[in-house]
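K.L.:
Please find one structure pasted underneath; my questions will follow.
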Amino acid sequence: MPGIVLIGAQWGDEGKGKATDLIGTKVDYVARFNGGNNAGHTVVVGDESYALHLLPSGIISPNTTPVIGNGVVVDPEVLFQEIDGLESRGVDCSRLLVSESAHIIAPYHRVLDKVTERFLGKHKIGTTGRGIGPAYADKINRVGIRVHDLFNAEHLHDKVEASLHQKNQMLVKLYNRRPIDVDETTDELLKLGERLKPYVANTSLVLNKALDEGKTVLFEGGQATMLDVDHGTYPFVTSSNPTAGGACTGTGVGPTKITRVVGVSKAYVTRVGEGPFPTELFGEEGEWLRAQGHEYGVTTGRPRRCGWFDAVVNRYAAQVNGLTDIVLTKLDVLTGLKEIPLCVAYDVNGERRDDMPTDQAEFAAAKPIYESMPGWDEDISQVHDFNDLPKTCQDYVKRLEELSGCRISVIGTGPQRDHIIQINSLID
């Protein structure tokens, strides 16, 4: 009955797609439990590269059942685009299961997301503009539309009308936009529902039954710990819980069925969008890391902000997620550096802090306290045994492990699927 949770331990883009695909070939189900198509991950198989946004990474593994859980907000149009794109490349998507209780991103959610972000100006959050936040807001305000609502025309019309009543007032009076038509929106959603219906299931029941039968389920989180609405750098966060606890609420599986929690971290740190980032690099160093790591968002194409490894962030991620293992990715990107700084603590207004400040004013004022380690020049992409890594590279990994307080079980040494060093198995 292994239930394995896989989460990002930083601000996202850590390489969860590669880690999920590594584990996903050995599991029976891969379930997304939060977020929507604002999460981008790339899976590389041989010469093929698959950019996924809404679908679980396990869709690439033919013997795995991919599941979109109730905690995900689903944009049907994006889902179908992604399915069509994969099927045109020979990937079978008929195995996909979508929770009947998942909330829908309607066209008006995307409109509201974009006009609100523009209206905020310099106070913007840095959203992807894909309607994620407004859809989650409707969920909390109890005016959201769920997947099963798409199959009852009269019921759906009533729900759309209720949802648009206040939104149209805002669009017209606050944002000087035209109101959204209730009938047109209902008809559009009904058509999307017709195509979605074959994939819809009671996924909580499916996953619990699978675990009770001794099958292995991988719970895949979108975004990452530092973007969690409760535990991240609020307000510069996403609208859901990408931390390990979200795996339970986002799939309807109880915590006693979780046996492993795996955090994915880069050997350095990146962030997209607004918000504090203590180890952020500017100038030539930041440009070098961005170029070496090809650091551009899968979902947005935006250049990622880059910085040195932050052990305070990783310790915090280990704490709030209860990490049992770390997958360290993109270690190869650091090849060629003579010295590699890593952040071991913060200076906050003259005081050393080894823990994560929860006050965002303090976190914004945090200055990294660095220690420096010698780098390496050797190509490590073909190394498959930890002991065959350059000594200075081994020392760097061991120091990250020591500072994070959690064992590093897998190391990514390049972009390909087989560019890994597996120290410990991630499946019991």
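The backbone N, Cα and C atoms fix where each Cβ goes, and this holds for glycine too.
Residues or ranges marked as active site, proton acceptor in Swiss-Prot: Asp13. The active site, proton donor annotation in Swiss-Prot covers His41 and is backed by sequence analysis. Per Swiss-Prot, GTP binding site is recorded for 12-18, 40-42, Arg304, 330-332, 412-414, and the stated evidence type is sequence analysis. The feature IMP binding site is assigned by Swiss-Prot to Asp13, Glu14, Gly15, Lys16, Asn38, Ala39, Gly40, His41, Thr128, Arg142, Gln223, Thr238, Arg302, with sequence analysis given as support. Per Swiss-Prot, Mg(2+) binding site is recorded for Asp13, Gly40, and the stated evidence type is sequence analysis. Per Swiss-Prot, substrate binding site is recorded for Val298, Thr299, Thr300, Gly301, Arg302, Pro303, Arg304, and the stated evidence type is sequence analysis.
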K.L.:
I'd like the Cβ neighbour count for Asp13 (active site, proton acceptor), meaning other Cβ atoms within 10 Å of its Cβ, all protein chains included.
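P.N.:
By my count, 29.
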K.L.:
Quick one: of Thr42, Gln223, which of the binding-site residues has the smallest count of other CB atoms within 10 A?
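P.N.:
Across Thr42, Gln223, these binding-site residues, the one with fewest Cβ atoms within 10 Å is Thr42.
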K.L.:
I need the least crowded one of these binding-site residues (Gly12, Gly301), counting other C-beta atoms within 10 angstroms of each C-beta.
P.N.:
Gly301
K.L.:
Taking the Cα atoms as reference points, how far is Asn38 (IMP binding site) from Asp13 (active site, proton acceptor) in Å?
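P.N.:
Asp13 (active site, proton acceptor) has its Cα 11 Å from the Cα of Asn38 (IMP binding site).
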K.L.:
Neighbour count, 10 Å Cβ-Cβ cut-off, for Arg304 (substrate binding site): what number do you get?
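P.N.:
Counting Cβ neighbours of Arg304 (substrate binding site) within 10 Å gives 22.
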K.L.:
Looking at the binding-site residues Asn38, Thr413, which one has the fewest other Cβ atoms within 10 Å of its own Cβ?
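P.N.:
So among Asn38, Thr413, the binding-site residues given, the one with the fewest Cβ atoms within 10 Å is Thr413.
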K.L.:
Looking at the recorded positions listed here (Asp13, Gly40, Pro303), whose Cα lies nearest to that of Leu331 (GTP binding site)?
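P.N.:
Given the candidates Asp13, Gly40, Pro303, the nearest one is Asp13.
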K.L.:
Please give me the recorded positions out of Asp13, Gly40, Thr42 that lie within 10 Å of Arg304 (substrate binding site), comparing Cα atoms only.
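P.N.:
For Arg304 (substrate binding site), the recorded positions whose Cα atoms are within 10 Å come to Asp13.
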K.L.:
In the structure shown, which of the recorded positions Lys18, Gly40, His41, Pro303, Leu331 has the fewest Cβ neighbours within 10 Å?
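P.N.:
Pro303, out of the recorded positions Lys18, Gly40, His41, Pro303, Leu331, has the fewest neighbouring Cβ atoms within 10 Å.
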K.L.:
Between the Cα atoms of Gly301 (substrate binding site) and Gln223 (IMP binding site), find the distance and write it as a whole number of Å.
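P.N.:
The Cα atom of Gly301 (substrate binding site) is 15 Å away from the Cα atom of Gln223 (IMP binding site).
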K.L.:
Express the distance between the Cα positions of Gly15 (GTP binding site) and the residue listed as 'active site, proton donor' as a whole number of Å.
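P.N.:
Cα-Cα, rounded: 7 Å.
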